[in-house]
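Data block below; observations after.
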Amino acid sequence: MSWIDRLNTRVAQTPFGRWFRLEGSGAKIERAGSKFTIELRAGLTTFIAMAYIISTNALILTDSGGTCDCDRDLYGPTCDTDPAYSSCLQGIKLDMITATCAISCLACILMGALANLPIALAPGMGLNAYFAYTVVGYHGTGKVSYRNALSAVCIEGIIFFVLSVVGLRQWFARMIPVSLKTATASGIGIYLAFIGLQSSAGIGLITSSSATLVELGGCPPEYRDANNVCTAHHMQGGPTWLGVLGLMLIGTMLLYRLKGAILIGILVVAIISWPRPTAVTYFPHTPSGDEAFNFFKKVVTFHPIKNTLAEFHWDLSSGDIWIALITFLYVDILDCTGTMFSMAKFGGYMDDKTQDFEGSSMAFLVDSAAIAIGSTFGSSPVTAFIESGAGIAEGGRTGITTIVTGIMFFIALFFAPIFASFPPWATGPALITVGAMMMQNVLQINWKYIGDGLPAFITIIMIPFGYSIGYGLIAGIGSFIFINSTVFILFKVSRGRIAPPNYEDRDDWVGFVTRGGIKSNIPPWILRLFGKKPATIASPSNNSSEEDLAEKQVAEIV
């Protein structure tokens, strides 16, 4: 037995190991394959896959203008020519870097310690763009002020918290048909790969096209126009080929089951990209490259939040703020729900009976609390990150993975120059690889029955093409309801005479609901309030009698 095996065994046998249900801990329900050292590596991998969020989120939220203001009659609506305004924006950017690291650290540690899940949380991409460019507007040119928008985000978190406490958020999640949950995981896989192929967070192999929306790119950055379209030198960009090399390196190492393959691939590409006088450098000799390199050279720095801390303005009289709040609510609940259930399925701890996973109630509570706390720091809504799949692919199965990710975000508070300098073509190969792994879920979709297969397919394609997990689920749920409601009505009206030829091949969604899909949704604290033992989430070690007993206990309350 190696020293690593001895360490894993000793940690598993401690109260720490039993709390996180490591394999060999003696916990009632152990997480199969969970080892302490693997969890550490998985947490680091998840963080590196998410490191781009530190600088990207800061840049997007800075574009909102934050709390900065100027004489718009004198300097124009965007205040671009005001030196004082530009100086204020630099302070906002540093505030946002600190806020992103701080809320991500807190949310990840809470998720890991309380929910025991390897699902990382951070300010959501997409939601931050909606916050900055639609709600507040570029440099505050929207109809809602930055302070008022933060109030809407805080209210969203409070509403989510209440919904999670009473179990309504879990109920909604479990009511999503099985085929759509499975399809969501596959759709997220394509979504991840699509992100990894682009230039903003990937290897730049795919770029924009005015004729076909997307096309083969791979050109050097200097040959892209303002719309990110390659004007010349396609497939001649050094960073793209370095990213392709990283992808092949990760794939080869995974083939031989080398531990830490994804992490090694990311680090190798990043280290090659840091020296300046090369064709693949992340710091070209340009104004933006010089600025990034000067920040990188600082190595260690810390900036306290000065301008955005608790900057609320509680004015809900405008109709625009209510539109923003409602949009935050429905997009975030679908986005977060889809991500959490997909990661649970990818990690192998989804319960087929209840279509739920252990720790879901606490996970939703942590997510909602993080949204409210994040708004206090000046951030847009926090959500579960699909990059968690990188850590799960490395073997992460418990909350230790997420706690390590949170600790790394804490370290990033002081080493932000390093962690904010991982080039997108270093993390892109990891996203493509995880996307490939998540595609295996497509085999579990019920393709035999078109009432299940078509909505699942719509969900899969709309997630990457609509660039939103929430919109993909909306399309899938809407098509599922229309098709299957029509079939159900015809079946009932005709007393069973009008039915699809293979009607018996459908997923029995009604049967799922009646056998405990809703009843088992009651939060554990309500069950304890009535003196009943909470129903447990089934695992491979549970037998059928234990499942039936748990279901009966819930039924007594209902």
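Even glycines carry a Cβ here, placed using N, Cα and C.
Long-range Cβ contacts of the transmembrane segment (96-121) within its own chain (Cβ-Cβ under 8 Å, at least 6 residues beyond either end) map to 19-21, 39, 42-43, 46-47, 50, 53-55, 57-58, 61-62, 66, 302-305, 308, 339-340, 343-344, 347, 357-360, 362-363, 365-367, 369-370, 373-374, 377-379, 382-385, 387-388, 391-392, 396-407, 409-410, 412-413, 416, 420. Annotated transmembrane segment per TrEMBL: 96-121 (among others), in sequence order.
When Cβ-Cβ distances below 8 Å are used as the criterion, the transmembrane segment (149-168) is approached by residues 64, 131, 135-136, 311-316, 321, 324-325, 328-329, 332-333, 361, 364-365, 367-376, 378-381, 521-523, 526 of the same chain, each at least six residues removed from its ends. For 149-168 (among others), the entry in TrEMBL reads transmembrane segment.
For the transmembrane segment (188-206), same-chain residues at least 6 beyond its ends with a Cβ under 8 Å from one of its own Cβ atoms are 52, 56, 214-219, 221, 224, 228, 237, 239-240, 242-244, 246-247, 338-339, 342, 386-387, 389, 424-425, 427-432, 434-439, 441, 460-461, 463-464, 467, 469. Taken from TrEMBL, the feature transmembrane segment applies to 188-206 (among others).
As annotated by TrEMBL, transmembrane segment applies to 241-274 (among others).
For 321-344 (among others), the entry in TrEMBL reads transmembrane segment.
The transmembrane segment annotation in TrEMBL covers 364-386 (among others).
According to TrEMBL, the transmembrane segment annotation covers 398-419 (among others).
Per TrEMBL, the feature transmembrane segment maps to 449-467 (among others).
The transmembrane segment annotation in TrEMBL covers 473-491 (among others). A Cβ distance under 8 Å defines the sequence-distant neighbours of the transmembrane segment (473-491), meaning residues of its chain 6+ beyond its ends; these are 176-177, 179-180, 183-184, 334, 337-338, 450-452, 454-456, 458-459, 462-463, 466, 498-500, 503, 506, 509.
If one looks beyond the transmembrane segment (241-274) by at least 6 residues along the same chain, the residues whose Cβ comes under 8 Å of a Cβ in the stretch are 38, 41, 44-45, 48-49, 202-205, 218, 280-283, 296, 390, 393-394, 421-423, 425-430, 432-434.
Using a Cβ-Cβ cut-off under 8 Å and counting only residues 6 or more beyond its ends in the same chain, the transmembrane segment (364-386) has close neighbours at 50, 53, 57, 61, 66, 95-96, 98-100, 102-104, 106-107, 110-111, 114-115, 119-124, 127-128, 130-132, 150-151, 153-154, 156-161, 163-165, 169-170, 173, 188, 191-192, 305, 307-312, 328, 332, 335-336, 339-340, 342-343, 469. The list of residues near the transmembrane segment (449-467) in space but at least 6 beyond its ends in sequence, with Cβ under 8 angstroms from a Cβ of it, reads 126, 177, 179-180, 182-184, 186-188, 190-191, 193-194, 338, 442, 473, 475-477, 479-480, 483-484, 487, 500, 502-503, 505-507.
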